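As given in Swiss-Prot:
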REGION    1-143  region 'ELC1-binding'
DOMAIN    19-63  domain 'F-box'
REGION    225-248  region 'Disordered'
COMPBIAS  231-240  compositional bias 'Low complexity'
MOD_RES   235  phosphoserine
REGION    260-279  region 'Disordered'
MOD_RES   278  phosphoserine
REGION    291-379  region 'Disordered'
COMPBIAS  295-310  compositional bias 'Polar residues'
COMPBIAS  311-325  compositional bias 'Basic and acidic residues'
COMPBIAS  327-336  compositional bias 'Polar residues'
């Protein structure tokens, strides 16, 4: 059978969120219950029983590991008074009666909690104090970031206000406006750029004796054609022709209309003269005489009709055994020769050909013309 203490602990653990005060209860009885509570509730229970802060250091170590895992969990100080002052201030703030009545009890509790570490000969900072220190640093960083954000938003708002359009009352603007024409006073100082341009202008006037360029005067002098080039024509201006309206007669119909049209003078248009200059020399160039090779065709194909065989013909043997080919070529060529090109014939095909095969010196007007003839026996 379980003891009464165990049953009470089980009941309190089941309802740990409803615990409001643990005054005058020692820590060893509340250890299992306090392990279930969270930080806000633990702070509230510590205020109801101030002596718990001397014993619940292990609970704050767990909270420190959970909330600040990357931070250092153990820190040391060389002065003991800092830690003692922290404990006494907490007791004085939450239970002032105990602070004044039981000083000996408080000193004994502090003596047991604040112990020098043998390894570095310093005093370890309590985990509750270290947790509050880290928490204050985080809150301070959050406040600084919030302040920076607030300043940035203020700057943006000021820039928007500067660029914002403002509606102006036109009546007030026209009342304040000075209608008199304001002029610059002579004794008022001018800008450096204005003074520099003024000095340059004065030096330019000294350099040119005529006093500088005057746009009203026409300085350009015409030299070509006696000074008349580019100007107006010297011929007298012809005034507009005055046309006297003639009274319209009803009796005349078409004849009067045509006569009136002839009487009306048409506006004089300038006569277009042809350019007297010679055209460019590049336009007189003739097309180059290119040599065009004539296709070599069989004489039999170009002359389908045949002529009679005479004694003047030369007979040649044909490579085919069943056909006797007789060719006769006249001293005058049948194909026309293009202008500028001299066509030569081989001496074996021309009667009385020269040594170089040219037949033109031996051609006569009365000479007989001969053509190639192919003899094909009947089948």
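Cβ atoms here come from the backbone N, Cα and C positions, even for glycine.
On a predicted model such as this, the values are computed, not experimentally measured, just so you know.
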Model confidence over the region 'ELC1-binding' (1-143) (mean pLDDT, whole number): 91
DSSP-assigned states of the region 'ELC1-binding' (1-143) in counts, ordered helix, strand, coil: 96 helix, 5 strand, 42 coil
